[in-house]
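First up is the structure itself, then whatever we jot down about it.
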Amino acid sequence: MAPGRVGLAVVLWGLLWLGAGVAGGSETASTGPTITAGAVTNASEAPTSGSPGSAASPEVTPTSTPNPNNVTQNKTTPTEPASPPTTPKPTSTPKSPPTSTPDPKPKNNTTPAKSGRPTKPPGPVWCDRRDPLARYGSRVQIRCRFRNSTRMEFRLQIWRYSMGPSPPIAPAPDLEEVLTNITAPPGGLLVYDSAPNLTDPHVLWAEGAGPGADPPLYSVTGPLPTQRLIIGEVTPATQGMYYLAWGRMDSPHEYGTWVRVRMFRPPSLTLQPHAVMEGQPFKATCTAAAYYPRNPVEFDWFEDDRQVFNPGQIDTQTHEHPDGFTTVSTVTSEAVGGQVPPRTFTCQMTWHRDSVTFSRRNATGLALVLPRPTITMEFGVRHVVCTAGCVPEGVTFAWFLGDDPSPAAKSAVTAQESCDHPGLATVRSTLPISYDYSEYICRLTGYPAGIPVLEHHGSHQPPPRDPTERQVIEAIEWVGIGIGVLAAGVLVVTAIVYVVRTSQSRQRHRR
């Protein structure tokens with residue numbers, strides 16, 4: 001019995017010892033120290049946008065030197081299952097320029113997770129806007145960050161080239177390329193030099209740039225390494241290719257890069273229905289004025305809500321001027337004024353700024369039909385009178401005599417009387433009879449453009465002059481002739497006396 005009891009006790013003791021060992025191992029695994037390579041930044045503790053890092057891309061900071069045999073570097077161990085940290089994934093340098101201050105280089109060669117915040121710009125320069133498109137008259141700002149500019153005596157020059165230089169810039173500029181040891185191409189105008197006292201005196205400054213520019217059109221602001229080029233007003237003259245050259249004071253062309261500034265200006269739309277005379281076809285003109293660039297302008301015409309499809313009725317022309325381009329479109333109706341009611345014209349203009357954006361505007365106007373006036377001319381004893389009935393207010397007469405192309409001056413007297421039609425009046429003009437001309441023309445002036453010339457011709461023989469008046473004129477003519485002869489005689493006598501006295505004086509001196 002004793003050996004059996006002893007064996008049973010040994011078995012029970014072994015089972016207890018084994019259970020204690022298992023429990024101890026579990027406690028050691030759960031309570032042993034956990035080695036981590038970094039701390040997790042919560043969203044509530046994320047730095048502001050002005051500081052490096054963000055909640056979306058936490059910065060991994062080592063807290064201890066891990067044992068390479070027990071832990072892998074840059075690997076984090078979660079402490080709370082509800083909010084596990086994300087393991088940062090290595091990212092390559094982005095090709096597109098960032099839009100804010102780049103993050104500093106992470107510690108321990110750890111690359112932060114890719115997020116919406118920009119990273120450190122590659123290359124010696126980074127510009128936030130390489131190809132801005134701005135509205136006419138607006139203000140443009142281009143921000144560039146120059147690497148290592150605070151470690152040297154930095155000098156920056158900016159040159160402007162027109163959009164279509166002649167000869168063109170060779171080779172063609174690449175907006176993403178950074179050039180080295182390349183001087184500014186010829187044909188440019190200098191808009192900025194951070195060291196104006198070192199500028200070549202033969203350099204041509206752009207309008208609104210350089211020392212003494214009033215008002216200044218260009219400015220560069222901001223502390224290094226970031227510089228902001230500000231163009232006060234974008235116009236066809238200020239748009240173009242801008243070449244930024246920088247380097248040391250003694251080597252300002254160590255680096256160079258291109259920035260393009262483009263302008264757009266939507267057209268303004270006006271519709272002018274033509275005033276037509278009875279018997280003339282209706283017309284209307286639509287003008288898309290002062291737009292840029294010269295992208296296609298499309299006109300759709302409607303006459304009394306019916307679209308005009310016949311291309312023979314529409315004439316469209318484009319004109320270039322310093323402020324841009326203007327397109328004029330004129331539609332001619334098949335209907336004639338006086339035979340049908342006045343027509344209502346609608347012009348729909350579409351201008352494509354680019355392949356995606358366009359402007360569309362409408363304008364409507366009613367055509368005006370004017371009655372054809374009746375012009376009469378009456379000759380009196382001393383005056384000739386010309387009358388035109390029912391003409392628009394503001395219309396008057398101009399008189400022409402014979403073949404003289406200039407109007408008769410200081411002789412026409414104009415009066416207006418009311419007419420039965422609203423907005424119309426009867427015009428009467430009086431001109432004294434001429435003793436030198438027999439042909440008279442009275443012409444109506446002041447009609448809207450497009451109205452044909454309206455005039456009346458008349459003939460009248462010059463009346464004989466008054467005998468008394470003729471005698472007076474002849475007497476004046478004879479008096480003038482007598483005065484001329486007398487003056488000539490006095491001059492002759494004076495000359496003779498002078499010659500005689502001169503000869504006598506010479507003879508005395510000889511003696």
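Each Cβ is built from the backbone N, Cα and C atoms, and glycine gets one as well.
Residues or ranges marked as signal peptide in Swiss-Prot (evidence: sequence analysis): 1-24.
Summarising the annotation, Swiss-Prot assigns N-linked glycosylation site to Asn42 (among others) and lists sequence analysis as the type of evidence.
Taken from Swiss-Prot, the feature compositional bias 'Low complexity' covers 43-80.
Feature annotation from Swiss-Prot assigns N-linked glycosylation site to Asn70 (among others); the stated evidence is sequence analysis.
Swiss-Prot lists Asn74 (among others) with the feature N-linked glycosylation site, giving sequence analysis as the kind of evidence.
Per Swiss-Prot, the feature N-linked glycosylation site maps to Asn108 (among others); the stated evidence is sequence analysis.
The Cβ neighbour count for Cys144 (disulfide bond), using a 10 Å radius over every protein chain in view, is 26. Marked as disulfide bond by Swiss-Prot: Cys127-Cys144 (among others).
The region 'Heparin-binding domain' annotation in Swiss-Prot covers 137-151. With helix defined as DSSP H, G or I and strand as E or B, the region 'Heparin-binding domain' (137-151) counts 3 helix, 7 strand, 5 coil.
The N-linked glycosylation site annotation in Swiss-Prot covers Asn148 (among others), and the record cites sequence analysis as its basis. Within 10 Å of the C-beta of Asn148 (N-linked glycosylation site) we count 10 further C-beta atoms, all protein chains included.
Residues or ranges marked as N-linked glycosylation site by Swiss-Prot: Asn181 (among others). In the three-state DSSP classification, Asn181 (N-linked glycosylation site) falls within coil. The C-beta environment of Asn181 (N-linked glycosylation site), restricted to residues of the same chain at least 6 apart in sequence and closer than 8 Å, consists of His253, Glu254.
The annotation N-linked glycosylation site is assigned in Swiss-Prot to Asn197 (among others). Applying an 8 A CB threshold to same-chain residues 6 or more apart, the list for Asn197 (N-linked glycosylation site) is empty.
Look at Swiss-Prot and you will find 267-359 tagged as domain 'Ig-like'.
In the three-state DSSP reading, Cys286 (disulfide bond) counts as strand. Within 10 Å of the C-beta of Cys286 (disulfide bond) there are 29 other C-beta atoms, taking all protein chains into account. Summarising the annotation, Swiss-Prot assigns disulfide bond to Cys286-Cys347 (among others) and lists sequence analysis as the type of evidence.
The N-linked glycosylation site annotation in Swiss-Prot covers Asn362 (among others). DSSP assigns Asn362 (N-linked glycosylation site) to a strand segment in the three-state reduction. A 10 Å cutoff on Cβ-Cβ distances gives Asn362 (N-linked glycosylation site) a total of 13 other Cβ atoms nearby, all chains included.
Annotated disulfide bond per Swiss-Prot: Cys386-Cys442 (among others), in sequence order. Cβ-based neighbour count (10 Å, all protein chains) for Cys442 (disulfide bond) stands at 26.
Annotation source Swiss-Prot lists disulfide bond at Cys390-Cys419 (among others), citing sequence analysis. Taking a C-beta cut-off of under 8 Å and a sequence gap of six or more, Cys390 (disulfide bond) has these contacts in its own chain: Pro371, Pro373, Cys419, Asp420, His421, Leu424, Ala425, Thr426.
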Rounded to the nearest Å - Cα separation of Cys442 (disulfide bond) and Cys127 (disulfide bond): 71
Secondary structure content of the topological domain 'Cytoplasmic' (498-511), with strand meaning DSSP E or B: 13 helix, 0 strand, 1 coil
Asn362 (N-linked glycosylation site) to Cys347 (disulfide bond) - Cα separation in whole Å: 6
Sparsest Cβ surroundings (other CB atoms within 10 Å) among the disulfide-bonded residues Cys127, Cys386: Cys127
Disulfide-bonded residues listed as Cys347, Cys419, least Cβ neighbours within 10 Å: Cys419
Distance, Cys386 (disulfide bond) to Cys347 (disulfide bond) (CA atoms, angstrom): 41
